[in-house]
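Asks: Handing you a structure now.
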Amino acid sequence: MNGNRFGRLFEVTTYGESHGPGMGVVVSGCPAGVALDERMIQDELDRRKPGQSMITTSRGEPDEVSIQSGLQDGYTTGTPIGMTIENKDAESGKYEPFVTAPRPSHGDYTYSAKFGTRNWGGGGRSSARETVNWVAAGAVAKAVLAQSDHDVRVKAHVNQIGEIEAPDVSFEDIREHSEDNEVRCADPETAERMRALIDDYQERGDSIGGSIYFEARGVPRGLGAPRFDSVPARLGQALFAIPATTSVEFGLGRDARSVAGKQRNEDWTVADGDEDHVVADEGDPIPAGNDHGGLQGGITTGEPIYGEASWHAPTSIPKTQATVDWETGEEKAVTVTGRHDPSLPPRAVPVVEAMLYCTILDFMLLGGRINPDRLDGHPGQYDTDYHPSSPRNE
């Protein structure tokens with residue numbers, strides 16, 4: 001099975017299955033000299049782990065990370081960083097009815113059709129359990145960016161559950177209030193309504209979808225390459241990799257289809273050097289607005305990158321549904337029991353942030369904004385052929 005690696009210079013390779021012994025991730029391309037310890041990784045994993053509240057799965061995984069390599073005396077060495085997380089509360093017995101009878105709207109049959117076999121416990125490799133690895137990698141990327149000369153900050157919050165939509169909130173409000181409630185919505189009144197809606201679906205044995213607003217600030221202009229390595233193309237790939245993602249938008253997103261060109265086009269103006277929302281020096285040209293979401297021509301403008309990603313309702317629900325045993329051809333009525341989330345966005349917030357951190361850092365390394373060998377080394381201008389020469393360190 002391929003497709004277990006992403007990133008060009010900051011390369012993340014993951015392994016593990018939902019009900020296997022554990023999960024693991026290897027991060028290659030992290031510069032040497034970054035202060036890093038297990039607590040920094042654990043803080044992010046604790047935001048994603050199951051069993052946080054009544055609106056998450058009750059699976060009791062502590063998600064304790066163990067760093068196996070890549071550190072010396074609390075600093076990265078530039079060698080691969082290996083991290084493992086044990087699975088301690090798997091219950092595979094409830095999945096035995098689906099060994100040859102696929103659960104509706106899961107990857108059970110498609111995996112079996114492709115590979116001729118699969119690990120059926122908990123969905124195996126197709127489970128969202130896999131995202132624990134991504135959050136661990138994202139914590140490493142976050143540490144690199146925080147200790148670099150660039151003030152890159154990424155935040156996200158749940159902005160819609162079902163038909164309940166939060167009003168627009170500021171980046172500062174998201175930073176300060178997105179963790180104030182179990183839904184991870186930065187608007188407290190909306191969060192209460194969202195929580196009640198999730199509870200209602202859960203009590204009825206059903207589930208509900210939603211969306212997450214994300215924003216990255218401090219990203220310098222000029223990152224990305226045309227076409228297939230554009231920033232929106234790579235960010236879109238990273239976010240669509242999250243299980244159950246149905247759409248990803250930047251800037252105006254789908255609303256742009258009903259906006260005239262003159263209205264959406266943004267005039268250019270001159271930076272006065274005091275803007276706190278854009279990376280620009282005094283006298284630099286900057287867009288007068290940001291309906292493009294910090295991206296023009298697939299390349300960063302220095303303005304905030306923002307957008308929205310949506311998820312469908314979780315497919316594991318205790319409702320009677322129809323399936324077919326692919327060995328016997330028998331039609332069956334099945335009920336998916338077990339422990340599952342009634343709505344995905346509350347736990348997906350740290351996953352979204354992690355994928356943005358990983359992808360943005362990769363672009364920063366490719367674009368020569370951060371030395372790929374050592375954090376205290378001189379940046380340089382590299383080609384985007386993924387094999388840059390090391391810069392001179394004087």
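Numbering starts at 1 and runs along the chain as it is shown here.
Positions of Cβ are set from backbone N, Cα and C atoms, glycine also.
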Asks: Looking at the ranges 52-90, 247-285, which is given as region 'Disordered' in Swiss-Prot?
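Replies: Checking Swiss-Prot against the ranges 52-90, 247-285, the region 'Disordered' one is 52-90.
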Asks: Other than its close neighbours in sequence, what residues sit by the compositional bias 'Polar residues' (66-79), given a CB gap under 8 Å and a spacing of at least six beyond its ends?
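Replies: Apart from its flanks, the compositional bias 'Polar residues' (66-79) reaches 27, 30-38, 41, 85, 373-374.
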Asks: Mind checking which of Arg48, Arg125, His312 has the fewest other CB atoms within 10 A of its CB? They're the binding-site residues.
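Replies: If we count Cβ atoms within 10 Å for the binding-site residues Arg48, Arg125, His312, the smallest count is at His312.
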Asks: Can you give me the Cα-Cα distance between Pro314 (FMN binding site) and Arg48 (NADP(+) binding site) in Å, rounded to a whole number?
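Replies: Pro314 (FMN binding site) to Arg48 (NADP(+) binding site), Cα-Cα distance: 16 Å.
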Asks: Counting only residues 6+ away in sequence within the same chain, which have a CB under 8 Å from the CB of Ser127 (FMN binding site)?
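Replies: Once residues fewer than 6 apart are set aside, Ser127 (FMN binding site) is near Glu17, Ser18, Pro243.
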Asks: Across all chains shown, how many C-beta atoms besides its own are within 10 angstroms of the C-beta of Pro314 (FMN binding site)?
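Replies: 22, counting other Cβ atoms within 10 Å of Pro314 (FMN binding site).
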